[in-house]
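Asker: Pasting a structure here, questions to come.
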Amino acid sequence: MPWLEALPYICGWLILRSCLLVGAQLDSDGTITIEEQIVLVMKAKMQCELNITAQFQEGEGNCFPEWDGLICWPRGTAGKTSAMPCPSYVYDFNHKGVAFRHCTPNGTWDFIHGSNKTWANYSDCFLQPDINIGKQEFFENLYILYTVGYSISFGSLAVAILIIGYFRRLHCTRNYIHLHLFVSFMLRAXSIFVKDRVAQAHLGVEALQSLVMQGDLQNFIGGPSVDKSQYVGCKIAVVMFIYFLATNYYWILVEGLYLHNLIFVSFFSDTKYLWGFILIGWGFPAVFVVAWAVARATLADTRCWELSAGDRWIYXXPILAAIGLNFILFLNTVRVLATKIWETNAVGHDMRKQYRKLAKSTLVLVLVFGVHYIVFICQPHSFSGLWWEIRMHCELFFNSFQGFFVSIVYCYCNGEVQAEVKKTWTRWNLSIDWKKAPPCGGHRYGSVLTTVTHSTSSQSQMGPSTRLVLISSKPAKTACRQIDSHVTLPGYVWSSSEQDCQPQSTPEETKKGHGRQEDDSPVGESSRPVAFTIDTEGCKGESHPI
């Protein structure tokens with residue numbers, strides 16, 4: 001088909017586009033931590049100091065250039081107001097606004113005598129309260145979304161692990177790989193919960209505004225460093241979060257490699273490659289995460305290690321490589337499925353049915369291979385607008401609920417798992433029935449439960465409500481009469497309910513007026529053949545002479 005021939009070019013274009021967006025993805029987030037904000041301000045401060053040195057040598061003016069903690073102010077003219085755009089490196093500022101500062105006629109900047117600081121008007125840089133409230137509600141909704149999603153995924157994956165681990169018939173290499181994938185999803189969810197608890201996720205605009213208005217940001221940046229030991233737990237939480245995030249991506253890659261090898265590799269020995277898959281899933285992510293932690297502790301040991309500091313590519317680049325490789329495996333697998341469908345269509349199959357089959361298979365593969373990751377990577381990266389909000393909701397929805405979808409595909413909708421659960425359920429019901437005390441007149445011979453009631457013999461093979469009735473040729477009006485010959489049969493098990501089910505002696509009634517006497521002979525001595533009827537109401541069967 002034409003589009004199959006163009007598939008390699010499409011794949012190459014997507015990979016190229018992904019590579020072009022890698023730089024924007026590595027050091028950008030939907031939000032920014034307070035540590036990241038501080039680093040950006042410190043970089044601007046160092047650049048400002050270089051500019052101030054050059055201005056002292058070249059320029060002239062009354063008010064000296066200086067760094068006030070947020071903006072690098074140039075030389076000011078006496079008696080005039082200087083304006084500078086709101087700094088773009090402050091995340092929660094209105095980047096279209098302008099900050100003002102006044103140079104007095106005596107050649108000094110306006111001074112706040114109470115706080116011993118220069119004055120600047122940043123009111124235009126602050127976001128409007130309604131916009132701030134809207135952003136806060138937006139992030140709260142995102143938090144609720146991914147918290148619910150990861151919680152549901154965690155619970156469903158835990159049940160799936162118990163089911164596969166309980167049944168020995170399900171213990172095989174394929175399911176072992178599934179179990180490792182389930183565990184990686186659970187660890188990813190738990191690490192996110194822990195990280196949210198011990199690390200500050202976002203920089204609130206109110207916190208930044210209070211620092212600026214009180215003049216504390218400059219002191220906070222240039223002040224002495226605090227005790228780093230108090231951030232040990234926070235650093236461990238961040239490192240474990242990054243490691244479990246990376247292992248989850250690589251176990252998704254392992255699933256793709258395993259499926260791809262089953263399709264394309266002849267005589268593929270899954271047992272032989274199991275330890276190799278384990279090394280890829282758990283070992284390789286540990287290498288680059290440890291390398292990142294060492295680089296971070298050596299070069300930029302600040303706070304909780306949530307900021308990029310230019311070293312995020314150490315772990316982000318291998319993760320993006322795993323996503324890209326998995327996407328290539330997905331395209332190749334879909335190509336093979338489509339080829340098989342057209343081959344079977346040539347034999348005379350229904351084309352619509354084949355397309356539906358391809359669509360179902362592709363949908364399952366999208367969940368298994370994590371194709372949504374490459375889709376979100378290829379989207380333009382921005383932090384505002386309706387499209388960004390839609391993208392954030394979709395991305396967090398698929399990321400958090402992917403574990404739930406994977407558990408459905410690999411466990412709950414698996415035919416082998418369903419068969420084992422049904423067999424266990426049937427055995428459990430049979431064991432419950434066997435432990436129950438037999439009814440009145442019931443006795444067990446080996447594994448068969450037999451009940452003798454009003455001319456009725458019940459066997460377990462006949463069903464719960466069916467009675468096989470032996471009836472004498474003559475009508476009987478006596479009560480339930482029990483034959484005790486069963487005691488001598490082999491395999492007899494005495495029932496505790498026999499004492500309550502002993503037959504009561506019933507006097508024989510003789511009807512002299514009609515000249516007939518009730519027949520007290522045993523059933524086996526009847527002079528006429530017996531008839532078998534099905535009694536569905538216990539001892540209410542009627543006799544019909546043949």
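A Cβ is built for glycine as well, from the same backbone N, Cα and C atoms used for every other residue.
Look at Swiss-Prot and you will find 1-24 tagged as signal peptide, backed by sequence analysis. Here Swiss-Prot flags 27-143, 195-235, 296-313, 381-391 as topological domain 'Extracellular', drawing on sequence analysis. Residues or ranges marked as N-linked glycosylation site in Swiss-Prot: Asn51, Asn106, Asn116, Asn121. Per Swiss-Prot, transmembrane segment is recorded for 144-167, 175-194, 236-258, 274-295, 314-334, 362-380, 392-414, and the stated evidence type is sequence analysis. As annotated by Swiss-Prot, topological domain 'Cytoplasmic' applies to 168-174, 259-273, 335-361, 415-546, with the evidence given as sequence analysis. Feature annotation from Swiss-Prot assigns region 'Disordered' to 496-546. Per Swiss-Prot, the feature compositional bias 'Polar residues' maps to 496-507. The annotation compositional bias 'Basic and acidic residues' is assigned in Swiss-Prot to 508-519, 537-546.
Can you walk me through where each of these features ends up in the structure?
Answerer: Cβ contacts within 10 Å of Asn51 (N-linked glycosylation site), excluding its own Cβ and spanning all protein chains shown: 13.
Classification of Asn106 (N-linked glycosylation site) by DSSP places it in coil, neither helical nor stranded. Taking Cβ-Cβ distances under 8 Å and a sequence separation of 6 or more, the neighbours of Asn106 (N-linked glycosylation site) in its chain are Asn62, Ala78.
In the three-state DSSP reading, Asn121 (N-linked glycosylation site) counts as strand. Counting every protein chain shown, the Cβ of Asn121 (N-linked glycosylation site) has 14 other Cβ atoms within 10 Å.
Counted with DSSP, the topological domain 'Cytoplasmic' (168-174) comes out as 5 helix, 0 strand, 2 coil.
Panel annotation: around the transmembrane segment (175-194), residues 146-147, 150-151, 153-154, 157-158, 160-161, 164-165, 237, 240-241, 243-245, 247-248, 251-252, 254-255, 258, 274, 277-278, 281-282, 400, 402-403, 406-407, 410-411 of the same chain, lying at least six beyond its termini, place a Cβ under 8 Å from a Cβ of the stretch.
Sequence-distant contacts of the transmembrane segment (236-258), counting only residues of its own chain at least 6 positions beyond either end whose CB sits under 8 Å from a CB of the stretch, comprise 174, 177-178, 180-181, 184-185, 187-188, 190-192, 194-195, 198-199, 270, 273, 277, 280-282, 284-286, 288-289, 292-293, 304-306, 315, 318-319, 322-323, 325-326, 329-330, 333, 368-370, 373.
Beyond its flanks by at least six residues, the transmembrane segment (274-295) meets 173, 176-177, 180, 184, 239, 242-243, 246-247, 249-251, 253-254, 257-258, 305, 311-312, 314-315, 318 of its own chain at Cβ-Cβ distances under 8 Å.
On the 0 to 100 pLDDT scale, the topological domain 'Cytoplasmic' (335-361) averages 71 in this prediction.
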Asker: Report the listed stretch (144-167, 314-334, 362-380) having the maximum count of Cβ pairs within less than 8 Å of the transmembrane segment (392-414).
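Answerer: Checked against 144-167, 314-334, 362-380; highest Cβ contact count belongs to 144-167.
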Asker: Taking only the Cα atoms, work out how far Asn51 (N-linked glycosylation site) lies from Asn121 (N-linked glycosylation site), in Å, as a whole number.
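Answerer: Approximately 22 Å lies between the Cα of Asn51 (N-linked glycosylation site) and that of Asn121 (N-linked glycosylation site).
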Asker: Are there residues at least six beyond either end of the topological domain 'Cytoplasmic' (168-174) with Cβ under 8 Å to its Cβ atoms? List them, or say none.
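Answerer: Contacts with the topological domain 'Cytoplasmic' (168-174): 258, 270-271, 274, 416-417, 420.
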